[in-house]
Structures are given as structure tokens and as C-alpha cells.
Amino acid sequence: MQRIPPPRNYSCPSQLPFLLMHGLIGSAGDFVAAGRAGALAFQLHARCFDVWLPNARGTTQSRRHRTLSASQAKFWHFSWHEIGVYDLPALVEHVLRVTGHQRLHYVGHSQGTTVLLVLLSQQPAFNARFASVALLAPIAYLQHLSSPPLRLLASDTGVVTELLNQLGLHELLPSTTLTQAGGQLLCSAALPTSVLCTLLTSLYVGFSEYPLDRSILPRILETTPAGISRGQLLHFGQLINSGKFQQFDYRSARLNSKHYGQPTPPAYQLQNVRLNLMLFHGNRDALSTRKDVLRLVRELKNSRIKLYQVQGYNHIDFLYATTAPHIIYERIIEQATEYSQLNHK
């Protein structure tokens with residue numbers, strides 16, 4: 001986990017820390033790639049916040065284990081459920097212990113929203129640890145996902161599982177010298193192929209009305225993709241097919257009963273989430289679609305929600321669009337500042 005502490009060259013008021021959690025195939029680098037003028041982490045730092053940037057389990061910088069090596073298949077036996085139930089609470093407690101605060105502000109993007117919902121559904125006592133929460137491109141229900149490649153991939157998770165078994169693949173989309181070189185070759189702003197790079201990305205995340213600043217592509221590609229487990233991908237595929245927000249389906253009544261005490265995977269208990277939430281989604285997002293987001297809002301029946309639909313945004317514009325600091329980040333900072341003012345009177 002990286003940290004950007006508040007500036008020391010001038011007096012900063014005491015404020016609660018921010019924890020920024022990235023999405024699938026991403027890393028902490030997602031929140032700094034847009035540079036000092038455009039990245040959320042730097043915007044928060046400029047406002048005197050203490051910024052913490054975790055790297056989810058299995059990413060390039062998060063592969064240490066007490067007994068296992070990332071070269072062993074057993075290391076990769078996890079999905080985002082384990083990140084939400086085990087890793088995220090440990091990260092939260094670490095930040096609070098180091099900073100001496102009792103609460104923190106949280107921003108999640110994509111899978112970073114999923115793992116928070118998992119945590120609070122499974123361990124509702126953690127509601128008390130969060131002062132404010134902003135969910136960017138939230139992912140829980142995926143019934144109306146419109147991304148053609150991902151819809152095709154999820155069409156038969158059984159076939160995908162068998163193929164991965166045959167190939168012996170447990171880690172997917174790792175960051176290697178080859179993938180970085182290929183990404184730089186295809187997506188370099190100086191090359192005409194960068195248009196193809198943008199097109200391929202848009203097929204997955206949606207076609208934005210805001211052209212991606214190609215000058216930041218090299219920085220994005222330095223850390224993306226960062227590696228995921230096949231369990232993460234398969235679990236999301238199951239959500240697409242089932243239309244439910246539920247735990248991992250072992251595709252066997254016997255195995256499900258062994259893990260859950262019932263033949264089908266249990267749904268996450270979203271009524272356990274009891275927070276003031278800001279949800280942001282884009283009308284051009286192919287993953288976090290409006291119908292699925294509205295369903296999530298209905299299921300979060302014990303939370304107070306401010307819902308913002310951002311015109312023209314796709315799934316990654318919340319990280320890289322030049323308008324994000326004004327449209328998105330200012331509202332996040334405003335909510336955190338209001339919390340500080342109300343609780344220091």
C-alpha cells in the first residue's frame with residue numbers, strides 16, 4: 001500500500017485519511033496516472049488530505065504471502081470476495097491504527113466498489129469505520145452489462161473454466177515486460193495505432209464523449225494490467241449470467257453446500273450497508289449500466305444515497321477524463337470537508 005501524506009510545507013488542518021481502492025486489472029497507479037492536475041490522489045493531497053493507495057491481492061505489488069508463492073496455483077485461489085472479507089478490513093484497520101483516527105473516507109472505483117459492498121454486507125460493524133463513501137462506476141449487479149467482449153466471455157463460464165484448467169492458467173493479465181512493451185507499441189500517443197488502442201478499450205468499457213488524453217497512456221500502461229486471479233474474472237462472469245449479487249458459485253450443489261450450507265450461493269446482504277453514499281455512474285458506461293445501478297440503489301435500502309449520472313462518461317472516465325476533477329472530485333472533497341466541519345464544532 002502506498003501513501004501520500006499531507007503536505008508539510010504549510011499548515012494543514014487535521015483531517016481524516018482517504019483510502020482509494022482501484023478496480024479490476026488496475027492498481028494504486030490508477031489514481032495517480034492522470035498527473036498532478038488531473039488525478040484524484042493528487043487533488044486530495046493538494047487539499048491537505050492523507051491519501052492511502054492499496055494494491056489489491058494478486059496485483060504486481062501485492063503478492064507477498066506467509067506460506068505461498070505467486071508461482072503456486074494455490075496462491076491464486078481467491079476472488080474479489082476474499083479481497084472484501086479479508087484484505088479490505090485489514091487495510092482499513094491498518095490506516096486507522098497508523099493515523100490514530102477512528103474513521104476514514106473511502107473512494108472505490110469498479111471492483112473497488114464491489115469489495116466495499118462485500119465487506120459491509122458480511123461484516124456490518126465496519127459501517128462505523130467510514131465517514132464518507134464515494135462509489136465510482138459501482139459494480140454489484142451486472143445483468144444489463146453491454147460490453148460485447150465481456151458479454152461473450154461470460155456466456156458460458158463453465159467452458160471458460162475448463163479452458164483455463166486445460167491451459168493451467170490461474171493468473172490472468174499479468175504485468176510483464178512483454179505486455180508492457182506490447183501496450184506501449186500499440187498505445188503510444190506518438191503512433192497512429194493509439195487510435196486502435198482507444199477503440200479496443202472502448203469496446204470493453206464504453207464509448208466516451210470525452211477523448212482520452214493520449215499523453216497519459218504511457219503512464220497508464222506502466223501499471224495496467226496489474227494481474228488478477230481467474231476467480232475474480234469468473235465471479236464477475238457469474239454475476240452477469242445470474243443477474244444476482246451473490247457469493248462464488250462452485251457449480252455443484254455438493255460443493256456449494258460444503259462452503260455455504262446450502263446448494264446455491266447466498267446473496268450478499270446489502271441491507272447491512274448503513275451509510276451515506278455518493279454513487280457516480282456514466283451514461284456511456286458499458287459495465288456499470290443505469291438499470292443495474294438503479295437496482296443497486298433499491299437494494300441499499302438502509303443507506304442514504306446521492307446518485308449522480310455523469311453524461312458522456314464511460315467506465316474509466318472517472319479516473320482519466322480531464323473533466324473529472326471538476327465534475328467528480330470536487331463533490332467528493334466537498335462531502336469530506338463538510339464532515340470535518342460538522343464534527344469539529
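Cβ atoms here come from the backbone N, Cα and C positions, even for glycine.
What TrEMBL says about this protein:
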- 17-320: domain 'AB hydrolase-1' (DOMAIN)
- SER110: active site, nucleophile (ACT_SITE)
- ASP285: active site, charge relay system (ACT_SITE)
- HIS315: active site, charge relay system (ACT_SITE)
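Around SER110 (active site, nucleophile), taking its Cβ as the centre, 28 other Cβ atoms fall within 10 Å, counting all chains. Taking every protein chain shown into account, ASP285, HIS315 are the active-site residues, and of these the Cβ with the most other Cβ atoms within 10 Å belongs to ASP285. Mean pLDDT across the domain 'AB hydrolase-1' (17-320) comes to 94 in this model. For the pair formed by the residue listed as 'active site, nucleophile' and HIS315 (active site, charge relay system), distance between Cα atoms is given as 8 Å, rounded to the nearest Å. A distance of 5 Å separates the Cα atom of ASP285 (active site, charge relay system) from that of HIS315 (active site, charge relay system).
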